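Colleague: Copying in the features that TrEMBL gives for the protein in this structure:
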SIGNAL    1-16  signal peptide
TRANSMEM  144-165  transmembrane segment
DOMAIN    205-555  domain 'Acyltransferase 3'
TRANSMEM  210-231  transmembrane segment
TRANSMEM  251-271  transmembrane segment
TRANSMEM  291-313  transmembrane segment
TRANSMEM  359-379  transmembrane segment
TRANSMEM  391-413  transmembrane segment
TRANSMEM  433-457  transmembrane segment
TRANSMEM  469-492  transmembrane segment
TRANSMEM  498-523  transmembrane segment
TRANSMEM  580-598  transmembrane segment
Amino acid sequence: MGVLWFLFVILAAGKALELTNQQYHQMPQLFQLDDYEKCLANRRGAYCLGSFDLAASPNNSLFNVIQKFSEERYSFNHTRIHRGYCVSSRCSDVDEVSLNRKFVKCVKNIIRKDYGLDAKLSTLDYCKTSKTPPSRPIDGLDIAFIYFCGVILLMNVIGTIYDFARNPDHEPNRYLLAWSLAKSWKLLTNSYENGDPRLTSFNPINGMKAISMFNVILAHSSIAFHMSYLQNPQFLENITRHPLTTLLHNGSVIVQTFIMLSSFLLAYNLLINGEKDPKKGLNLRSLPRLLFNRIARITPLNVFMVGFTATWWRHMSDGPLWKPLVEAECARCRDKWWAHFLYINNFIEPDKKCLIQTWFLAVDMQLYVLAGFLTLALGRSPRRAIKVLSWLFVCAVVANFIIAYNWNLKAILFLTNPELLRHQYAGEPSFNLLYMAPWGSLPSSLIGLIAAFLLYYWQQVNFKPEESLIIRILYRCSVPSIFIWILSGYFVNNTSSPFVLAAYAALDRPVFCLITVVAMLGFINKVDSLWWQFLSWNGWRPISRMSLPVLLVHWSYNLTQIAVRTNLTRSSIFEIDGHYFVTVFMTYVTSLPLHLLIELPMMQFYKALFS
């Protein structure tokens, strides 16, 4: 990852910018942050944080430069400056009784004196003194969450003690055994227990999921840096302009891998299980049970993470950005927790993001219902299913084109500018109505279904794809084509044609998934041994199985590292890489006990209840 960032910076250095360094630094500093801890350590210390809009007369040359530069797609909005001041020391000469008015007047005076511009308060995040009581007292919801965690921990202790103390010659109590930590560890580390060679051939999927999750964390680490108070925002503005950064701008399409795999694994498992009893196994009456199984697997950990975010996360630390970042996210989770538990948080107040990454769980659940219905309805005739699903896929792509064209929606590639990233795409219709919407990911889900039926049909007719010249050629081209397709977004990056924008919005995800499916089918059928051995490494298995807690946990570490910094954040190759690696390490360290103590025991307990 560090090498990739290094290439970005070196190559970006050769491209002329809109402003020289001298001109850039003549503008008011975008972010200023006084030492938070030092300020409030003084018994008379007072600290304020807020944002201000710059203004000036029409003929002010500096302000005209600021406006023009801010209109650049790859620039932060420099007409809005962000200040965190130790008012008690920096603004001691301002004669105001009210702390809020003193802060505002102080910023106005400094901007007018240094730049000849006016500053109008846009947002006041907070003003506090060393004597200000905590704005986050422990309440009943916090206590309720502690009791919830206590019950979970107690059940694991009881189950583990029972597992070690029980007589192995007697029939075990399934309900208690489900909570055994030793059994959960075996489920995490063991291979597929049924020994079905068709499922064993899916080992490369573990590597695909693990590597994809690493890239998701990298993308969110970049977003977190954009949300910080930066010492050198010019670094992010510069590297964003280079073609190679398209790998990051357009790389979010990799999330579609999980949508595709979810439908693929669902359909394929239903098909092979239906062999035992086709009438019972592939019947629409099984859909409610199928859906309930999915909810029972995902919901306990989802409830835990949303509950933790809404309660104890806000108590864990402090810093100048803690209130606008962490406490604000906690408040949003308290407001719309119910939408997360019903998996409709992508529709309910989408601009109020509680754990931004959980849009995926909502979309995945919504498409899981459709994928289950289509598999059960079409599963008895794989050839017919492939034809029907292919037509549905074409219709879904066309529908997304019409939606994008009529409502002027764009692919995520065109939305990854610093200011939108800073605000987590708040108020952006394309993000809410296409990126987070189930219809935007529907083609990927259908591709997963088609791949499952196609693989199952090949096995039924004893077709060997590794012996087909065409398939071998497509497979050899697939892995490099994944990167080529992501990078190809650079060539349409600056287009303004509504038709091209809508076409790219409709085709970006489906084309990526089609290429990925070709690669995946090649991995599964062992067209070559190189990728098979790499992606089938046993170490990927536990990492892959922890994907759900990793997805839910990593954003908290991304945001916490930014929120606890008491001074300006310097952005560079090493800082971003360091932030990323700390996030990865801490995420997996945390995800392991969550997977062993909550996710796996709840799954096994559910099976014991309803098997």
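Every residue, even glycine, has its Cβ placed from backbone N, Cα and C.
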Colleague: Restricting to CB pairs under 8 Å, which listed stretch, 251-271, 291-313, 359-379, 433-457, is in contact most with the transmembrane segment (580-598)?
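Modeller: Most contacts with the transmembrane segment (580-598): 291-313.
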Colleague: With a Cβ cut-off under 8 Å, give me the same-chain residues at least six positions beyond the ends of the transmembrane segment (251-271) that come close to it.
Modeller: 202, 205, 208-209, 212, 215-216, 219, 281-282, 290, 360, 363-364, 367-368, 371-372, 375-376, 379, 382, 412, 416, 441, 444-449, 451-453, 455-456, 486, 508-509, 512-513, 516-517, 520, 547
Colleague: Residue list, the transmembrane segment (359-379) vs rest of chain: Cβ under 8 Å, 6 or more residues beyond ends.
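Modeller: Tertiary neighbours of the transmembrane segment (359-379) are 255, 258-259, 262-263, 266-267, 270-271, 274, 282-284, 286-287, 290-291, 294-295, 298, 302, 340, 343-347, 350, 385, 388-389, 392, 435-438, 440-442, 445, 448-449, 452-453, 551.
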Colleague: Does the chain bring the transmembrane segment (144-165) near the transmembrane segment (391-413), so that three or more CB pairs sit under 8 Å (pairs 6 or more apart in sequence)?
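Modeller: Taking Cβ pairs at least 6 residues apart, the transmembrane segment (391-413) and the transmembrane segment (144-165) are not in contact, as fewer than 3 fall under 8 Å.
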Colleague: In the same chain, who gets a Cβ under 8 Å from the transmembrane segment (433-457) while lying at least 6 residues past its ends?
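Modeller: Counting only partners 6 or more residues beyond its ends, the transmembrane segment (433-457) has Cβ contacts under 8 Å with 256, 259-268, 271-272, 346, 350, 359, 362-363, 366-367, 370-371, 374-375, 378, 382-383, 385-386, 389-390, 392-393, 396-397, 399-400, 403-404, 407, 409-412, 415, 425, 463, 505, 509-510, 513-514, 517, 520-521, 524.
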Colleague: What is the pLDDT of the domain 'Acyltransferase 3' (205-555) when averaged and given as a whole number?
Modeller: 92
